[in-house]
Structure formats: structure tokens, C-alpha cells
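A short worksheet on the structure shown next.
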Amino acid sequence: YGKRRHPKKLTPLAYKQFIPNVAEKTLGASGRYEGKITRNSERFKELTPNYNPDIIFKDEENTVMNQWPGVKLRVTEGWDEDGHHFEESLHYEGRAVDITTSDRDKSKYGTLSRLAVEAGF
């Protein structure tokens, strides 16, 4: 009580590293697949759109901005219906997101992945 926590050192994730260390569609990573959501399904109404061009990632601590001033998070894919993912992809349920940085600097991706894990994704 009353003590300030020291920020822990962020270790970037390695290419193709998962947290937890299991594939996206396994029960341990994301729970049971509930079925594809289409525009005509009842569950489509449960999806929450985000139209804000500046705030596209809930980041109460401004971790992306603090890590790289002037750089924004860039969502390249969220909910999808195009059929370009594997059949039980969480993109079809609105439970997966692909992200990068606005400057598209691949050297930042490991740290960006770690920030996403720390944020609860």
C-alpha cells in the first residue's frame, strides 16, 4: 500500500513466439472456437467497431507512445469475413487482431508483441 511499483523490463518476443506458448486456435490460448460471425448473424451485433483514427488500441498507460514517441499502433486486420484465414480463425469471431506500427519498422515487432501480452492480449 502506498508503494510505487517499479516498471519491469520488457523483453521483446522472438519471431513466431507465442504467449502462452501455444498456437492461436488452441484451447489454452483463446478458448473454444464458437463459430464464424457473418454480417447476417445475431453475433455480428455484439462486435464493437472502432472508428477513431488516432486511438485504435486501448492503451491506458500509453505504452506504445511512451516506447516510441510519434509512432502509432496500426491494426492491419481485426474481424474478417473474406475467407483468407484458416477455417476456425479467431478473426472470423472478432477475437483476433493483427498489428504493426505506423512506421512499419519490423525491428519494433518483438517489443510490440510483448506490449500486447502485457496489455492482456
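Glycine residues also receive a Cβ, built from the backbone N, Cα and C atoms like all the rest.
According to Swiss-Prot, the protein has these features:
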BINDING   GLU60, GLU61, THR76, GLU77  Ca(2+) 1 binding site
BINDING   GLU61, GLU77, ASP80, ASP82  Ca(2+) 2 binding site
BINDING   HIS91, ASP98  Zn(2+) binding site
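For the pair GLU77 (Ca(2+) 1 binding site) and HIS91 (Zn(2+) binding site), the Cα-Cα distance reads 8 Å. Sequence-distant contacts of ASP80 (Ca(2+) 2 binding site), defined by Cβ-Cβ distance under 8 angstroms and a gap of at least six in the same chain, are SER89, HIS91, TYR92.
Just so you know, of the binding-site residues GLU77, ASP82, ASP98, the Cβ with the fewest other Cβ atoms around it within 10 Å is the one at ASP82. ASP82 (Ca(2+) 2 binding site) sits 14 Å from THR76 (Ca(2+) 1 binding site), taking the Cα positions as reference.
Neighbour counts of Cβ atoms within 10 Å were taken for the binding-site residues THR76, HIS91; the minimum is at THR76.
ASP82 (Ca(2+) 2 binding site) falls within neither a helix nor a strand when secondary structure is assigned with DSSP, and so counts as coil. A separation of roughly 5 Å, to the nearest angstrom, links the Cα atoms of THR76 (Ca(2+) 1 binding site) and ASP98 (Zn(2+) binding site).
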